[in-house]
Amino acid sequence: MRSWLGEGVRAQQWLSVCAGRQDMVLATVLLIAIVMMLLPLPTWMVDILITINLMFSVILLLIAIYLSDPLDLSVFPSLLLITTLYRLSLTISTSRLVLLQHNAGNIVDAFGKFVVGGNLTVGLVVFTIITIVQFIVITKGIERVAEVSARFSLDGMPGKQMSIDGDLRAGVIDADHARTLRQHVQQESRFLGAMDGAMKFVKGDTIAGIIVVLVNIIGGIIIAIVQYDMSMSEAVHTYSVLSIGDGLCGQIPSLLISLSAGIIVTRVPGEKRQNLATELSSQIARQPQSLILTAVVLMLLALIPGFPFITLAFFSALLALPIILIRRKKSVVSANGVEAPEKDSMVPGACPLILRLSPTLHSADLIRDIDAMRWFLFEDTGVPLPEVNIEVLPEPTEKLTVLLYQEPVFSLSIPAQADYLLIGADASVVGDSQTLPNGMGQICWLTKDMAHKAQGFGLDVFAGSQRISALLKCVLLRHMGEFIGVQETRYLMNAMEKNYSELVKELQRQLPINKIAETLQRLVSERVSIRDLRLIFGTLIDWAPREKDVLMLTEYVRIALRRHILRRLNPEGKPLPILRIGEGIENLVRESIRQTAMGTYTALSSRHKTQILQLIEQALKQSAKLFIVTSVDTRRFLRKITEATLFDVPILSWQELGEESLIQVVESIDLSEEELADNEE
């Protein structure tokens with residue numbers, strides 16, 4: 001008993017030493033693999049080594065299945081090299097035993113006899129099929145996937161790096177997160193490149209296995225007849241069984257490792273970082289219609305005479321019953337009331353952005369288009385938009401609804417036959433246009449022929465899921481100011497502080513964060529980009545000691561951003577067509593400005609607001625592309641008058657134009673003395 005305890009203690013100590021010196025263990029394994037090529041091994045040791053080879057290949061296959069991200073096993077290319085070397089060394093050892101002793105151990109003999117099964121021809125055919133499947137189907141396919149993945153990863157690396165740099169400059173991510181993302185991109189590129197090269201090891205190992213089997217059979221038959229005086233039939237049977245067993249001992253672990261490599265290379269990890277089985281079941285379960293239709297097809301096959309009814313009916317029921325039970329459970333819940341949300345979903349606060357639509361409009365293309373649109377708006381405005389939560393209605397409908405913080409702000413019916421959409425002032429050129437609410441412009445639903453006609457005029461036409469993302473873009477631009485508040489401003493300031501710490505500290509000394517947030521909100525509500533936060537913060541620091549009114553601070557920031565504003569409004573640099581506001585209207589607005597503790601507003605009568613708006617609309621009918629220009633102190637109040645119905649019409653101040661801008665005064669508007677006198681009365 002004491003001897004057994006002593007052996008157990010020594011074994012534990014030995015394992016502890018090995019666990020602390022993994023480098024020595026790996027080096028020893030590689031040296032053993034090389035020694036196996038040179039020295040003959042006893043059959044019992046060969047059985048142990050074959051078992052280790054099979055065990056390790058099964059471990060790798062299971063690890064590949066349970067991986068949530070291929071980069072979690074970034075050493076896999078090196079493992080492929082090590083396992084290939086080990087397997088080739090083992091093949092050489094077994095081949096030596098087959099040719100010298102016509103006995104390569106129990107496992108080789110058992111594999112050969114099991115596959116041959118008393119019929120040598122069947123055994124050769126089975127072995128050939130296994131080898132062809134591995135070489136032509138699995139190995140060739142994985143090699144191609146690895147090659148394409150490595151190439152695309154390398155080609156897309158600069159774009160990913162630029163995207164990370166853009167997010168960092170905009171304050172969407174901090175420096176530590178950006179460093180982590182860059183390392184991930186580099187590691188992914190190196191991993192896929194290494195996998196591309198490592199698959200050559202697997203391909204070469206398969207070819208070597210085929211050659212070794214042929215050499216063993218031919219060489220074994222010659223040795224058996226010449227040296228051991230065996231008959232031809234006995235030699236063929238003996239060495240064929242041993243050669244097939246030897247080949248299978250190498251090909252089956254190689255097949256498992258090739259399958260592991262294929263799972264890892266073809267894996268596209270999801271956002272939730274789940275293993276392969278979980279993602280597979282969840283994604284298939286999202287398409288219950290396909291399972292139901294498959295069950296129907298199996299049942300129809302079962303009804304054909306001669307087909308096995310019980311087998312086909314069993315699998316048909318196996319597919320259909322879970323879907324039916326789940327739907328019945330949902331219908332019971334909806335009939336009895338709303339199902340209680342999970343505990344983790346009970347988060348305070350309203351959801352920022354919800355898109356509610358018909359199931360016929362929802363698709364994977366829509367998700368991609370919405371993500372692309374969000375990134376475009378971020379690049380254009382500098383506002384990091386929240387994720388769009390898509391709510392699919394249970395029944396098909398033509399209605400599309402957008403909700404901001406659980407409140408509907410936009411609703412529209414999409415005609416069933418309208419496969420194309422035209423947005424903008426030119427929408428009425430092709431067909432009957434429809435005016436969107438809140439000054440978001442005009443749209444026109446088009447048929448296919450009308451869409452071709454619009455494209456002939458050089459107009460941008462949206463089709464499919466792009467129709468939805470384009471409408472959502474209009475809504476987001478109209479309500480962009482609602483996505484900038486104190487919390488978002490603090491986030492942007494924290495991101496800027498990493499590179500401009502003194503600038504942010506001085507800004508916080510000069511202005512409270514609520515005024516900074518209001519300034520940014522007023523800028524983005526008029527589609528002024530806040531990407532250049534350094535210039536915006538610097539301007540606020542310059543003017544904050546002298547000006548406390550947020551309206552005027554915003555105007556000074558706009559003047560500082562005039563190059564950005566003019567470049568967006570007039571990218572071609574042509575003379576700006578100007579609609580000039582007369583002095584009478586400016587003085588009228590200026591005299592009506594009231595400052596209170598609640599803020600600054602105008603006390604204009606509703607009649608004069610209507611008159612000013614009508615004058616602007618009449619001028620725009622004469623020339624649709626006009627830029628309204630007025631004094632800096634009245635610009636914001638005129639914008640307040642027009643934004644409800646003319647949201648897309650920009651209003652600038654003379655100071656924003658500057659002396660270097662080329663302008664062309666197309667129209668001037670003003671109120672007559674009688675109309676101004678009416679206001680005084």
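Glycine residues also receive a Cβ, built from the backbone N, Cα and C atoms like all the rest.
Annotated transmembrane segment per Swiss-Prot: 25-45, 48-68, 73-93, 118-138, 206-226, 244-264, 295-315, 409-429, in sequence order, evidence recorded as sequence analysis.
Of the candidate ranges 73-93, 206-226, 244-264, 244-264 contributes the most Cβ pairs within a distance under 8 Å of the transmembrane segment (118-138). Counting same-chain residues at least six beyond the ends of the transmembrane segment (48-68), those with a Cβ under 8 angstroms from any Cβ of the stretch are 36, 41, 76, 79, 83, 86-87, 90, 93-94, 105, 107-108, 249, 252-254, 256-257, 259-261, 263-264, 267, 269, 273-277. Contact between the transmembrane segment (244-264) and the transmembrane segment (73-93) is present: at least three CB pairs lie under 8 Å, with pairs separated by 6 or more positions in sequence.
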